[in-house]
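Colleague: Sending over a structure as structure tokens; questions will come in a sec.
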Amino acid sequence: MRKRHILFIGLLAALLMALLFSFHAGTEGEAPASQAAQAAAVDSSSCVYPKEYMHTHHMQVLEDWKNTAAHEGPDAVHETADGRKLQKNLSTCLACHGSNRYFCFSCHAYANAQPNCWNCHISPLETP
Amino acid sequence: MKKVFIPLIMVALLALIPYVAVTYANMSYLFGVIIPYAAAFIFVAGFLWRLFDWLRRPVPFPIVTTCGQEKSLDWVKQNHLESPSTRFGAAVRVLSEVLFFRSLFRNTKAELHTGPELVYASSKWLWMGGLAFHWSLLIIGLRHARFFFLEPPAFIAALEHADSFLELTLPAFFMTDAIVLAALTFLVARRIRDAKLRIISLQTDFFPLFLIGGIVLAGMGMRYLEKVDILSIKALMMGLVSFSFEAPGEIGALFFVHLFLVSMLAIYFPFSKLMHAGAIFLSPTRNLANNSREKLHRNPWNKPGKFRTYAEYEDEFREKMKKAGLPVEKD
């Protein structure tokens, strides 16, 4: 009885390992098709997502960008719904939004939300 | 099990009402302005009425319940915390009860072992669960000050920072969110698991737990999953605390679920056992000083008595007493 249990658990573990490896191989196998984003003239009339979405979800977009950029480096490219390709980088955001130094701070001060972006990044308020 | 599921269904229905009304009937003004104002009014008025009702009741006897040596002769050591003899000591005792649940710390549990042998042992689980639950609620409540002040006090910002210092998710995960959910789960499970507790538990025990659980889940859902526009929420809340009747902006329906459940809690509060929040301060068994051997506790129910002192008696009968040869105090 006990032996059969061990055999069963062993088989299950082997199956899990195989699954994990195949999954891992699958992700590796995909060719890094994306090229570095074209640093073409930035279209500042629309953001990477619709405005309403960005109002509520910008922090998650930024976190996703941070994580993918950290893993993929220059390959981290965001493709918008209308087909624009943008480098996942904070400076992509600031290319448009940096023109208003208080862009982040006016809302964040009002909502009393303190992000930790500027723990590492230089905030637009600190640049001359 | 009926008494568990009926409150659960009631909370689910309460959560559904604002969701449907705001999503399909566009009734955000009713649920964002009118009901919160009505709820706040009922809460404040009801709370004050309950306190007033208790305060006007006379306290005929000093019925303080203590579990320590009361103040006695000089060489008998008094237990100052458990049996205070001053008003200040009584206040400290009440506060230790409010902040640290002292009496719950002494909770014991009886278990019947084979033998048969009845064993009493200290049981701290309820104390821990209750403490975690109430303190989390307090911190969560204080954290909400950021919606009601343009610039909340510094200690609230510090509290928020400490609460989110794990920096697990974005927006940063608050520890108290997890703690309050765990404590709620424990408090519900505790009432269901043990047969003795299941029998004495009522719908009114489960309903507030489920209601607060619904509020917490709706709040967490807004923060972590189904995002809502926080600027409109702040504008609405700032308007509410400055007594304006401006219509709320475009806010997700989940916010109205949260606000409506909070309003329901506020309305339910003064008429339920949740009033223990105010009652603990007014319990004569706790807020009186144990000084019955030192001071006379006058029963307010006693009618003012008609007394005649011996001096008055002697004044009336002095001559007769002298004639009869009785001793008098004054000549």
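Using N, Cα and C of the backbone, Cβ positions are placed for all residues, glycine too.
Here's the feature list from TrEMBL:
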type     : residues  : note
DOMAIN   : B:122-278 : domain 'NarG-like'
TRANSMEM : B:5-22    : transmembrane segment
TRANSMEM : B:28-49   : transmembrane segment
TRANSMEM : B:125-145 : transmembrane segment
TRANSMEM : B:165-186 : transmembrane segment
TRANSMEM : B:206-225 : transmembrane segment
TRANSMEM : B:251-271 : transmembrane segment
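I'd like to know what surrounds each of these features in this structure.
Modeller: Same-chain residues lying 6+ beyond the ends of the transmembrane segment (B:28-49) with a Cβ under 8 Å from its Cβ atoms: 18, 21-22, 236, 240, 245-248, 251, 256, 259-260, 262-264, 266-267, 269-271, 275, 278.
When Cβ-Cβ distances below 8 Å are used as the criterion, the transmembrane segment (B:125-145) is approached by residues 100-101, 104-105, 107, 152-153, 156, 159-160, 163, 174, 176-177, 179-180, 182-184, 186-187, 190, 212, 216, 219 of the same chain, each at least six residues removed from its ends.
Tertiary neighbourhood of the transmembrane segment (B:206-225): same-chain residues 3-4, 7-8, 10-12, 14-15, 137, 140, 169, 171, 173, 177, 180-181, 184, 187-188, 191, 252, 254-255, 257-258, 261-262, 264-265, 268, 272-274, selected by CB-CB distance under 8 Å and a gap of 6+ residues from either end.
If one looks beyond the transmembrane segment (B:251-271) by at least 6 residues along the same chain, the residues whose Cβ comes under 8 Å of a Cβ in the stretch are 11, 14-15, 17-19, 21-23, 28, 31-32, 35-36, 38-40, 42-43, 45-47, 49-50, 207-208, 211-212, 214-215, 218-219, 221-222, 226-229, 232-233, 236, 277.
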Colleague: Counting only residues 6+ away from its ends, which parts of the chain sit with a Cβ under 8 Å from the transmembrane segment (B:165-186)?
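Modeller: Answer is 125, 129-130, 132-133, 136-137, 139-140, 143, 209, 212-213, 216-217, 219-220, 223-224.
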Colleague: Over the domain 'NarG-like' (B:122-278), what is the model's average pLDDT?
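Modeller: A mean pLDDT of 93 is what the predicted model shows over the domain 'NarG-like' (B:122-278).
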